[in-house]
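Novice: Feature list, courtesy of Swiss-Prot:
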- ASP158: active site, proton donor/acceptor (ACT_SITE)
- ASP156, ASP158, ASP366: Mg(2+) binding site (BINDING)
- GLN275, LYS276, LYS277: substrate binding site (BINDING)
Amino acid sequence: MTVASQSIEEFKECLYHMQETRKLLTMQLLATGKITSAEIQILKRTLEEMQDERTTDFYIRHIHSRGATFAINIRDEILGLKKDFLFLENFASECESEESFTNRLKLCDLPGLLSNNQIDIRLMNGFAEEVAKCKEFLMDLITIESDGIKPLFITDWDGTMKDYCSQYATNLQPAYSAIVMGVFARNFTRAFAVLTAGPLRHPGILDLTSLPIDGPVMFSGSWGREWWLGGRRVVHDDGIPEEGSVAIGQLYEQLEEILHEGEFVQFALVGSGVQKKVDRLTLGVQTVFGQVPKELSAKYIDAVKERIHRVDPNSQYLILENCSPLEIEVCVHSSGAIWNKGDGVAALVEFNKDSLKLGKVCVAGDTTSDLPMLQKAAQENPTQVRALFVNVNKEIQSTINKIVGDSSRTCFISCPDVAHAAFAQIIIELTQNA
């Protein structure tokens with residue numbers, strides 16, 4: 001029996017075309033507060049395509065390229081589209097009768113929609129309680145003290161403001177998330193910055209977000225080594241030798257070649273895919289569901305090693321690191337200290353001519369790699385630092401409470417949608433009569 005499949009090129013083109021519409025809708029809503037039903041139909045068509053006969057009941061979609069057929073899990077893509085279409089359809093309907101953006105948002109009941117569409121029944125049952133807790137935390141954050149200074153909000157992306165996705169290349173932010181993030185950032189913070197480990201482009205956070213890249217939220221990649229600020233890319237390459245930067249660029253071109261060979265083509269969609277960062281390449285070698293045959297994964301890693309040897313035959317500039325069973329990294333030998341997200345925060349503050357010592361500072365994250373951001377903020381502003389962390393275990397919670405020094409200034413939630421729902425409630429409550 002022949003299994004129906006879609007080409008990798010068609011799959012990505014379908015989703016990327018839809019994402020451009022999401023970006024336009026978000027920009028339009030942030031500017032005018034209005035959309036029409038006709039403008040959101042591409043989301044409906046994309047959702048229908050993602051759920052056609054090429055996708056099983058368990059979100060497994062069959063993809064082909066150059067004679068090879070493989071399966072990928074598109075649960076995040078489908079669930080994001082479902083929630084987005086429901087929200088935007090309701091919002092467009094309210095635009096026909098309601099005059100204010102706030103009333104439209106209120107009548108759409110985004111918190112209720114998100115609660116009813118959680119994949120985990122445990123999240124669904126406790127969703128409203130978590131949203132109330134998160135809202136209280138955020139209301140305290142944005143309450144302006146006598147100094148009149150709005151807070152600074154610095155956040156990780158994947159797992160914190162955006163659900164994890166099996167394919168980094170199609171880890172696309174829904175419009176509902178972008179809209180409430182954008183309005184919250186614009187109205188209640190002096191700066192709202194995303195600091196992610198992934199790259200800015202090809203693909204990167206600037207391609208995957210639905211927010212306008214020169215809008216109310218700032219974006220960085222490579223642990224804050226590269227920022228999109230003032231309409232341009234600002235790079236902090238301290239400690240990275242020029243020869244190493246050249247070598248990593250050459251290796252990226254080499255890997256682009258082997259990903260166009262039939263045998264390894266699926267690795268463009270496996271986990272991290274191929275991410276070119278300032279000082280390294282991150283390569284996905286296995287999915288979280290173990291869908292790649294072990295022999296093929298090992299063969300791909302060998303091919304990567306062979307290309308490293310071509311570019312750097314004497315191992316002067318590049319080093320291969322096995323990060324996890326899911327990905328490997330090829331890093332540039334650095335002559336300086338190891339860069340972390342705390343350094344990225346310092347780079348942002350310096351560029352903006354801001355200070356962590358001013359006002360309240362909230363750091364949001366979901367893993368230990370986000371702790372350096374919190375530590376940096378706590379060192380500079382120990383009495384006003386706050387932490388919002390997503391789906392972390394008790395041990396990490398304890399570490400966070402120790403860094404902050406006051407559990408009343410920490411908040412732990414189960415998923416990014418809790419924060420989105422809390423943003424929506426605050427926008428409605430504080431702008432109702434504005």
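A Cβ is built for glycine as well, from the same backbone N, Cα and C atoms used for every other residue.
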Novice: If you count the other Cβ atoms within 10 Å of each Cβ, which of the recorded positions ASP156, ASP158 comes out on top?
Specialist: ASP156
Novice: Within the same chain, and leaving aside ASP156, ASP158, ASP366, name every residue whose CB is within 8 angstroms of the centroid of the CB atoms belonging to the recorded Mg(2+) site, in sequence order.
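Specialist: Once ASP156, ASP158, ASP366 are set aside, the remaining close residues are THR155, TRP157, GLY159, THR160, MET161, LYS162, THR196, GLY365, THR367, ASP370, VAL390.
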Novice: Using the recorded substrate site (GLN275, LYS276, LYS277) as reference, state which further residues of the same chain have their Cβ within 8 Å of the centre of those residues' Cβ atoms, listed in sequence order.
Specialist: GLY198, PRO199, HIS202, GLY204, GLY221, SER222, TYR252, VAL274, VAL278, ARG280, LEU281, THR282
Novice: Determine the Cβ neighbour count for LYS277 (substrate binding site): the number of other Cβ atoms within 10 Å of its Cβ.
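Specialist: I count 21 other Cβ atoms within 10 Å of it.
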Novice: For a quick check of packing: other C-beta atoms within 10 Å of the C-beta of LYS276 (substrate binding site), how many?
Specialist: 22
Novice: Whole-number Å only: compute the distance from the Cα of GLN275 (substrate binding site) to the Cα of ASP366 (Mg(2+) binding site).
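Specialist: Rounded to a whole number, the Cα-Cα distance is 20 Å.
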Novice: Which binding-site residues (LYS276, LYS277, ASP366) fall within 10 Å of ASP158 (active site, proton donor/acceptor) by Cα distance?
Specialist: ASP366
Novice: To the nearest Å, how far is the Cα of ASP366 (Mg(2+) binding site) from the Cα of LYS277 (substrate binding site)?
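Specialist: Here the two Cα atoms are 21 Å apart.
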